[in-house]
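All remarks here apply to the structure that follows.
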Amino acid sequence: MDSAGQDINLNSPNKGLLSDSMTDVPVDTGVAARTPAVEGLTEAEEEELRAELTKVEEEIVTLRQVLAAKERHCGELKRRLGLSTLGGLKQNLSRSWHDVQVSNAYVKTSEKLGEWNEKVTQSDLYKKTQETLSQAGQKTSAALSTMGSAISRKLGDMRNSATFKSFEDRVGTIKSKVVGDRENGSDSLPSSAGSGDKPLSDPAPF
């Protein structure tokens, strides 16, 4: 009787034969460790995609190495040419800003803002607000002009008043008096100077 078909009875004297024979069977570890294929892909397609993925990853690593080497070479050339880091930074910022300006997102945003601005300026509320502000400005200008005219008229009335004329006459009188005294003082200077020119008499001899 074959051992595979023996009765697995705990009370049977041959109860250890089946387990001993199963331990001798080799196990395929490769099959057990293999992951199941992705749903919808055959094993061949999966292997092909994995090979392509490995190739792309290797190309990415190579490109990064090439880029790093190019950047080092570029930095060395700039150093030898005397180009400062600040100049390179400005150039990079300028290039980045240009890239932003020509990007689709920036262009769409600018167009959207232009549309909003046009809608706002064409709206009735904006027009009414603009008209109100214009009218307020005109009223303010008219009020300032009226106030200036009133001040000028008031000053004219003050100059024509008796009080102002009396004050003006007093100022004129004081001015005339000051000028007259100054002229009289200048005329008296030669006489005093003339008396000073008189020669002194010789002292009497002892």
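Including glycine, each Cβ sits where the backbone N, Cα and C put it.
What Swiss-Prot says about this one:
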MOD_RES   Met1  N-acetylmethionine
COMPBIAS  1-14  compositional bias 'Polar residues'
REGION    1-24  region 'Disordered'
MOD_RES   Ser3  phosphoserine
MOD_RES   Ser12  phosphoserine
MOD_RES   Ser21  phosphoserine
COILED    38-82  coiled coil
MOD_RES   Ser96  phosphoserine
MOD_RES   Ser149  phosphoserine
MOD_RES   Ser161  phosphoserine
MOD_RES   Thr163  phosphothreonine
MOD_RES   Ser166  phosphoserine
MOD_RES   Thr173  phosphothreonine
REGION    175-206  region 'Disordered'
COMPBIAS  175-185  compositional bias 'Basic and acidic residues'
MOD_RES   Ser192  phosphoserine
MOD_RES   Ser195  phosphoserine
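Features recorded in Swiss-Prot, as mapped to the structure shown.
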| residue | record | contacts (Cβ under 8 Å, 6+ apart) |
| --- | --- | --- |
| Ser96 | phosphoserine | none |
| Ser149 | phosphoserine | none |
| Ser161 | phosphoserine | none |
| Thr163 | phosphothreonine | none |
| Ser166 | phosphoserine | none |
| Thr173 | phosphothreonine | none |
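The DSSP secondary structure for Ser161 (phosphoserine) is coil.
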